[in-house]
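For 88-517, the entry in TrEMBL reads domain 'Major facilitator superfamily (MFS) profile'. Among the features that TrEMBL reports, transmembrane segment is placed at 134-154, 166-185, 191-212, 224-244, 250-270, 348-364, 376-397, 404-423, 429-452, 464-484, 490-512.
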Amino acid sequence: RFQACVYFASVFQAMSCGIHYLASVFMAVTPNFVCGFPGNVSSILFHNSSASSIQDIWTLWTSTENYVVVQLENGEIWEINQCSRSKREVSLDLAYEYKGNKSVFLCSDGFLYDDTKWKSTVVTQWDLVCDREWLAKLIQPMFMLGVLIGAVIFGDIADRLGRQRVIWFTSAGQFVFGIAVAFTFDYYSFVIVRFLLAMVSSGYLVVAFVYVTEFVGIKARTWASMHVHAFFAMGIMIVALVGFLVRTWWVYQIFLSIATLPFVLCCWMLPETPFWLLSEERYEDAQKVINTMARWNKVNTPCKVSELCSVQQDDPVSGRTGENDMSSTKKHNILDLFCNWQIARRTITVWLIWFTGSLGYYVFSLSSVSLGGNEYLNLFLIGAVELPCYIIACVAMDKLGRRNTLIPFLILSALICVLIMFIPQDFSILIILANMAGKFSIGVAFGLIYLYTAELYPTIVRSLAVGSGSMMCRVGSVVAPFCVYLRSVWIFMPLLLVGIMALLSGILTIMLPETLGKPLTNTLVEATEMGRNKKSCSGKTPPAHGGAALEKIEMFGQETISTEK
């Protein structure tokens, strides 16, 4: 009961991380636009259609190459493009086609935007079009850069100051910075505040992942940790819903930020984890938390921290092992992930999977609003398809194995990317379904790689391996928005890149060893042998040193700490 309350309270806030990560898909929309008119307009001509207002023309607008011809009240005739306007030297009859001399001028009177879908976006607010378009394209990459930095900073702070304090700070930060974004006064303050919002959002997701893992029992740990991602996906669905209901960007941002308020009001009641308290030798505080857990769960004889400590002190083998592990861990660095060809090849493959998983995840998510049809429904479905994918991942990884689940889903995502390229653009429903399938397959691989990486490496470098893999994941999330922008070069370019990376990752994964049912390795020699000889570590007997079961439980919790670093 106690763990369930802590779990659902913590992962509820993970929805706000999904909200802020994908909020820009509607907040930074660029609608149809043209240069501002140089005076009062008497009539407007667009091909064979005439109108008295630009609002009547937007329904006919089909391409960025289009232009409108306007006649001013003083008789002048102008051709209005998106980023320039031309004055016809000879003003005779109002006609769409004109081959005479023209004088070209810049858009000194601002721009006119199509507000039929969105009343206001950050693009229309600060005219992030034409020569300022690159500023709009930096919004999402800058946010993802904040995600990367926040994961590193708050992951380390959580180890030093505790999970509880970081959860308090990042939760309050998400609410404060989320509201502050709506009241920024210019583009640069907007980007800076969103950068800070990204840091605290990423920090919360990192620490919440660790927090729930350290509270949940080992039997439910895989399912519980995997479904933190499911609540993140629910946040994406909320973005779609709020985007459909609210069409002014700053009101939209406020509504999204309010979703974090219930947790902010009650997060101060969450306790510190006993794991962290014990690691800091705060035994009395740990005992208080354990006693509270016992009362909630109606356990009459709760665990005594003093007894646990005395058992550890009386076990010289376990004590020596811990000291050796600690001393050896301090001596190892990132170069040990390339200590021999077997481990180096494993590291390159794992890094590639992390990068591909993140790249594919955000490419499918960010590009969902450009698939045609209803963009709000598209994003909602892209989020909803993640919910069953984590269930499938949990079942498959325990029944078929980690590698045997990862390979087919990576290759399947590559095949789906190729399939989408051959679907005619008129078949929008089929394209949306195929993109959902692609997001499903890459989501399974993305969720599985967390645990698989921890099992592929020995104790002495496991934190380094998972932490470096997570860093490659963040690099993929930074690259993903730029990859989506390549649609302007070729509409299928993002899918082609994701497909190539997924296929390459799937092929290289064949060379990785299976870890299902195998004990965790402790040295680089054991990890290397696991790759060379599948039978060498296939026994069900755990490593032969005292306290192995407790070590494995604690180890998993500590590695999860580094997963998001």
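Just so it is clear, glycine is given a Cβ too, placed from its N, Cα and C backbone atoms.
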With Cβ-Cβ distances below 8 Å as the criterion, list the same-chain residues six or more beyond the ends of the transmembrane segment (250-270) that contact it, or say none.
6, 9-10, 12-13, 15-16, 19-20, 23, 26-27, 120, 164, 167-168, 171-172, 174-175, 178-179, 181-183, 211, 235, 238-239, 242-243
So what's the mean pLDDT when you look at the domain 'Major facilitator superfamily (MFS) profile' (88-517)?
85
Restricting to the same chain and to residues at least six past its boundaries, which positions have a Cβ under 8 Å from a Cβ of the transmembrane segment (224-244)?
7, 11-12, 14-23, 25-26, 205, 208-209, 212-213, 216, 252, 255-256, 259, 365, 376-380, 382-384, 386-387, 390, 393-394, 443, 447, 450-451, 560
Excluding the flanking five residues on each side, which residues at least 6 beyond the ends of the transmembrane segment (404-423) place their CB within less than 8 Å of a CB in that stretch?
353, 356, 360, 393, 396-397, 430-431, 434-435, 437-438, 441-442, 444-445, 448-449, 452, 492, 495-496, 498-500, 502-503, 505-507, 509-510, 514
Using a Cβ cut-off under 8 Å, which residues of the same chain at least 6 positions beyond either end of the transmembrane segment (134-154) come close to it?
20-21, 24, 28, 30, 122-123, 126, 128, 166, 170, 187, 191, 194-207, 362, 366, 470-471, 474-475, 477-478, 480-482, 485, 564-565
So which residues does the transmembrane segment (348-364) touch in its own chain, when a touch means Cβ under 8 Å and the partner is 6 or more beyond its ends?
144, 382, 406, 410, 413, 435, 438-439, 442-443, 445-446, 449, 452-453, 456, 465, 468-470, 472-477, 479-481, 483-484, 494-495, 497-498, 501-502, 504-505, 508-509, 511-512
Folded-back contacts onto the transmembrane segment (376-397), same chain, C-beta under 8 angstroms, at least six residues removed:
18, 22, 25, 222-223, 226-227, 229-230, 232-237, 239-241, 243-244, 364-365, 368-369, 405, 432, 435-437, 439-441, 443-444, 447-448, 451-452, 516
For the transmembrane segment (429-452), find every same-chain residue at least 6 residues outside the stretch whose CB is under 8 Å from a CB in it, and list them.
222, 225-226, 229, 350, 353-354, 356-358, 360-361, 364-365, 367-368, 371-373, 378, 381-382, 385-386, 388-390, 392-393, 396-397, 402-403, 405-406, 409-410, 412-413, 416-417, 419-420, 423, 466, 469, 495, 498, 502, 505, 515, 560, 563
